[in-house]
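Annotated features in TrEMBL:
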type	residues	note
DISULFID	Cys146-Cys185	disulfide bond
DOMAIN	25-243	domain 'Lipid-binding serum glycoprotein N-terminal'
DOMAIN	258-460	domain 'Lipid-binding serum glycoprotein C-terminal'
SIGNAL	1-17	signal peptide
Amino acid sequence: MALFGALFLALLAGAHAEFPGCKIRVTSKALELVKQEGLRFLEQELETITIPDLRGKEGHFYYNISEVKVTELQLTSSELDFQPQQELMLQITNASLGLRFRRQLLYWFFYDGGYINASAEGVSIRTGLELSRDPAGRMKVSNVSCQASVSRMHVAFGGTFKKVYDFLSTFITSGMRFLLNQQICPVLYHAGTVLLNALLDTVPVRSSVDELVGIDYSLMKDPVASTSNLDMDFRGAFFPLTERNWSLPNRAVEPQLQEEERMVYVAFSEFFFDSAMESYFRAGALQLSLVGDKVPHDLDILLRATYFGSIVLLSPAVIDSPLKLELRVLAPPRCTIKPSGTTVSVTASVTIALVPPDKPEVQLSSMTMDARLSAKMALRGKALRTQLDLRRFRIYSNHSALESLALIPLQAPLKTMLQIGVMPMLNERTWRGVQIPLPEGINFVREVVTNHAGFLTIGADLHFAKGLREVIEKNRPADIGASTAPPPSTAAV
């Protein structure tokens with residue numbers, strides 16, 4: 001009985017689990033590009049290492065090594081991989097650091113000083129980034145593991161006390177190597193938990209799309225890594241800005257990502273588009289009113305001729321009044337995604353009336369319109385854009401079949417009016433697009449759209465329009481100081 005009870009609870013929990021409206025998969029194909037950009041950023045960060053002064057005494061010799069600066073970093077071998085549990089692992093081997101420092105030596109009454117170059121060789125770094133979802137639904141670097149070591153130091157001493165320096169080099173280089181080992185991991189920890197999180201803060205979570213609706217891209221769970229990809233599930237739901245707590249129940253199928261040939265894949269379910277259309281419907285945006293000169297001239301003549309008898313019977317005095325054509329969507333449009341294409345079904349009312357000045361309007365007819373639009377999706381930069389095209393159109397009367405027959409002559413001109421006057425306005429808005437949850441400075445290129453049953457996927461490659469350093473400096477937070485230092489155990493001595 002306990003087993004059956006557990007199974008029942010599991011099925012019940014699954015029935016109420018909400019599926020994501022948007023999924024993103026980053027594949028191992030993207031790692032080489034990410035590594036190249038990341039290593040440039042890492043080189044710049046390691047050049048900020050500051051090493052404490054090194055002072056000592058050996059017999060009658062007093063030495064002081066100060067103003068140690070990293071001048072260059074040479075990386076000969078590096079690997080960036082996905083790892084389960086750790087998400088991202090970077091391993092650097094056999095690297096070298098160029099150093100410059102000031103030397104000061106005192107032996108009895110003899111003094112020597114100046115600047116000298118050195119190199120740290122056999123530098124090995126192994127660092128892992130653990131990614132998670134924070135309480136606001138944003139992806140964060142929650143932890144950085146690090147091991148770093150320098151196998152040897154080389155200092156080319158010269159000058160009057162060259163032989164003395166050679167005698168002391170073992171003490172000096174050992175001390176500098178120890179201090180350098182201690183500084184690498186804190187720099188990487190700060191870069192991950194502070195600077196990379198500043199980059200991730202540029203990913204939209206709940207943001208406005210326009211003056212009417214917003215979109216919720218909050219992560220539904222922690223990112224999941226395998227050996228070949230990193231998967232992220234986003235809620236992917238629109239909402240009216242006047243009803244920020246409103247939420248459309250997600251009854252669509254869960255989008256699936258199976259491909260791994262491109263750098264990144266994005267999947268959108270029917271729910272993603274349905275929530276957008278319902279949000280605009282609730283915001284009152286899906287209606288249009290054309291009055292007077294806004295009604296196309298040929299359509300105006302046809303409508304007046306069609307309803308001439310009604311005008312004479314109802315109110316002949318207003319026969320020359322401006323004509324009004326009003327379209328109002330009756331229910332939220334619905335999106336259907338099939339392998340053959342994407343369609344949007346719309347049902348609207350069409351009201352025709354005369355609007356005499358300073359008098360109540362005179363309604364001539366009210367009809368229902370069913371329309372089916374085809375939708376083509378495209379990804380440009382980081383914006384998902386939609387191009388709509390009117391495919392099927394039908395008007396009919398809710399009052400009688402006879403009146404529906406009388407409306408047949410209006411179908412062609414009304415369809416033309418929609419194609420010429422309404423569709424361009426819709427496409428102007430939908431082609432502006434909505435941003436995909438990507439950090440600033442990263443765009444999609446060479447995208448391919450594939451339709452499936454209930455969802456569509458877009459495969460693309462990544463392009464860094466801006467360098468990591470540029471974006472991070474723009475969004476850099478105030479340094480947190482000591483709170484960003486890693487635990488002592490993460491730095492290998």
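For all residues, glycine too, the Cβ spot is worked out from N, Cα and C.
All annotation found in TrEMBL is predicted automatically rather than curated by experts.
Bear in mind that the values here come from a model prediction, so they are computed numbers and not experimental data.
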Using all protein chains in view, find how many other C-beta atoms are within 10 Å of the C-beta of Cys146 (disulfide bond).
-> 22
Give, as a single whole number between 0 and 100, the mean pLDDT over the domain 'Lipid-binding serum glycoprotein C-terminal' (258-460).
-> 85
Count of other CB atoms lying within 10 Å of the CB belonging to Cys185 (disulfide bond) = 24
